[in-house]
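Single-structure report; data block below.
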Amino acid sequence: MASGLAEESELSPGESELAVNPFDGLPFSSCYYELLEQRRALPIWAARFLFLEHLESSPTGVVLVSGDPGSGKSTQIPQWCAEFALARGFQTGQVTVTQPYPLAAMSLASRVADEMDLTLGHEIGYSIPQEDCTGPNTMLRFCWDRLFLQEVASTRGPGAWSVLILDEAQERSVASDLLQGLLRDTRLRNLPGDPRVVVVTDPALEPKFQAFWGNSPIVRVPREPGGDPTLAYKDTVPTDLVEAACQAVLELCQQEEAPGDVLVYLPSEEEISLCCESLSGEMGTLAVPGPPPRVLPLHPGCAQAIQTVYEDTDVSVRKIVVTHWLADFSFSLPSIQHVIDSGLELRSVYNPRIRAESQVLRPISKCQAEARLLRAKGFPPGSCLRLYSKSTLELEAPPLPHPKVCEENLSSLVLLLMRKQIAEPGECHFLDRPAPEALMRALEDLDYLAALNDDGELSDLGVILSEFPLPPELAKALLASCEFNCVDEMLTLAAMLTAAPGFTRPPLSAGEAALRRALEHADGDHSSLIQVYEAFVQSGADEAWCQARGLNWESLCQARKLRAELVELMQRIELPLSQPAFGSEQNRRDLQKALLSGYFLKVARDTDGTGNYLLLTHKHVAQLSPYCSYRNRRTPAQPPTWVLYHSFSISKDNCLCIVSEIQPEMLVELAPPYFLSNLPPSESRDLLNQLREGTAEPPAAATETSSPQEYGDGCVLQ
């Protein structure tokens, strides 16, 4: 495709001073031409016309693009697709780019808006959780892939698409893998506009995607010219990775012959924070010429602060960027000259057999190691220090990243598949098929939640559950709150449970600990979360107020946005709201009932009175989290006998997280009878069955009627 539009973008200021931007009709700014020179220097620029030809003529409507990190794929391909759509007048809709991480979608939208000389939030936009920066004239949108999948499966969405770009497909996110499966299935290739599809990946996964997509054309981005980085290994893995990484950074900073920015890879956010804190303390006293280096974290918790990584500073100020797997393929930083790679990642892996997640510290893949090495490739080539041995990489590292669809709870995935009217989740094409046990467990959980009817199809309740950007059990609890007249409190709780953790981890000062303790509620962790949120709102969302109590201000702001989004969704699907009643005895019981309606699968009983909890659904013993409000009270008290928990971790702490006391009579009342019958043999099951047999009449608490609703009408979940 050699359109006039494509030729226009080759112009320089000297060639046409009157050139106008075809997307908004305004003259190009001088900044546009400066960025155009940088774009032309990217390795992918050489493949531009080949890509446009394949996009025009692909027999399958699909184009594969394979290239190294930093080659310009994520910024240039969306612009070329926008040119393609503009040449057709955007007759079939906008261009949408999916990203595996919300922060990447936001960051790329900002960069592409600058390069195209357009306005962010107008022609160029992004959609991430709790933030929709788009407008009616948005023609190029960057979107978190899970949010886009939710749009495709539900009644929401912008309408139609000219081109759909699945970027960073090698990350193997659940949403990206499922979108490819749905798009490959010709029965489901009925998205509005019948969009062209572009799948962008790393060369290591090119054969896998090529086999999956058949005879679709592929565009291979040439590797950036220049020497390879100097590569060094450690003979053994250090016992303290943070200390070893800090030491390596300090040594680099003291070498005059090693200028340039540094990228440090550590396993987890906790280690990133420790490393940044340690390095920041050292930099002020470091004997180096010029200003001290600037230490910057890069992880999902950074939120809007992520853009500071890209801010132009004095070239004499060295940047030390400390990150983890987030920057394996995303967030290319051209100024990086040196990489320090720990070779490890901390990931959450779901075990469907016991419905629990574990934090697994494991070696990165060979593909990730190569991507990290290439971050230091350039003019002149930099260096890469691997804090592990070459034999460790060769013998212990898997060749490719682990597909997330084989490691996550699949309940939400199966719910979406059912929404797309796939009779059996097993019928969907997967790049890597999940274990049958994981799919069956997801179906079982959805059946317990009444999301499926007697024929195994999605029930009316299941359709409503699929509309919510929440895990199915939390969505069910929110719907149940309509019946129990505690919607206001449950909306707050759903937002707090979904947003990033609102508490900073100890150690806290004595003053911070005392102020935080004052926010704890006697009814348990769930009520404490509601109390924290309400106090935060009453403070005027004051950041200093949060810091004084060891609270994460950005997480609480995120929860506030999510709550507003949930309120809007409840109103759109005409579900009733309720007036606030938090703190009353009736509201306490109603909130417990709503929670149990969704979380009856997550109940445990203290079997010996010492805090050893036996999980109801399987014979596994756990303890309360060290951060649980029941353990942090000034006056020691006997732990509650029966508890409902939000999550269970079988990692090093083996604990129940976010816990509240419940009454077993309430569990018998609200859990499906066949669920109680299917519990494994235990004393807890016997006690519940005795309660069920001895309560032909509802218990006293259950016979009490809620006060009449003052706002909206109630609903009853069948």
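Cβ from N, Cα, C; glycine included.
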(message) For the annotation motif 'DEAQ box' in Swiss-Prot, which listed range does it cover: 167-170, 431-434, 539-542?
(response) 167-170
(request) Please find, within the list 110-138, 342-370, 690-718, the residue stretch that Swiss-Prot describes as region 'Disordered'. (result) 690-718
(request) May I ask which residues of the same chain, at least 6 positions away in sequence, place their Cβ under 8 angstroms from the Cβ of Gly72 (ATP binding site)? (result) Arg39, Leu42, Pro43, Ile44, Trp45, Val221
(message) Summarise the motif 'DEAQ box' (167-170) as counts of helix, strand and coil residues per DSSP.
(response) 2 helix, 0 strand, 2 coil
(request) Identify, among the binding-site residues Gly67, Pro69, the residue whose Cβ has the fewest other Cβ atoms within 10 Å in this structure. (result) Pro69
(request) Provide the number of Cβ atoms within 10 Å of the Cβ of Asp68 (ATP binding site), excluding the reference atom itself. (result) 23
(request) Across the whole of the domain 'Helicase C-terminal' (245-447), what does the mean pLDDT come to? Round it, please. (result) 88
(request) Give the three-state DSSP assignment (helix, strand or coil) for Ser74 (ATP binding site). (result) helix
(request) Determine, for the ATP site, the additional residues of the same chain whose CB lies within 8 Å of the mean position of the CB atoms of Gly67, Asp68, Pro69, Gly70, Ser71, Gly72, Lys73, Ser74; present them in sequence order. (result) Leu42, Pro43, Ile44, Val221, Ser332
(message) Excluding near sequence neighbours, so keeping only residues 6 or more apart in the same chain, what lies with its CB under 8 A of Lys73 (ATP binding site)?
(response) Ile44, Val65, Gly67, Asp167, Val200, Val221
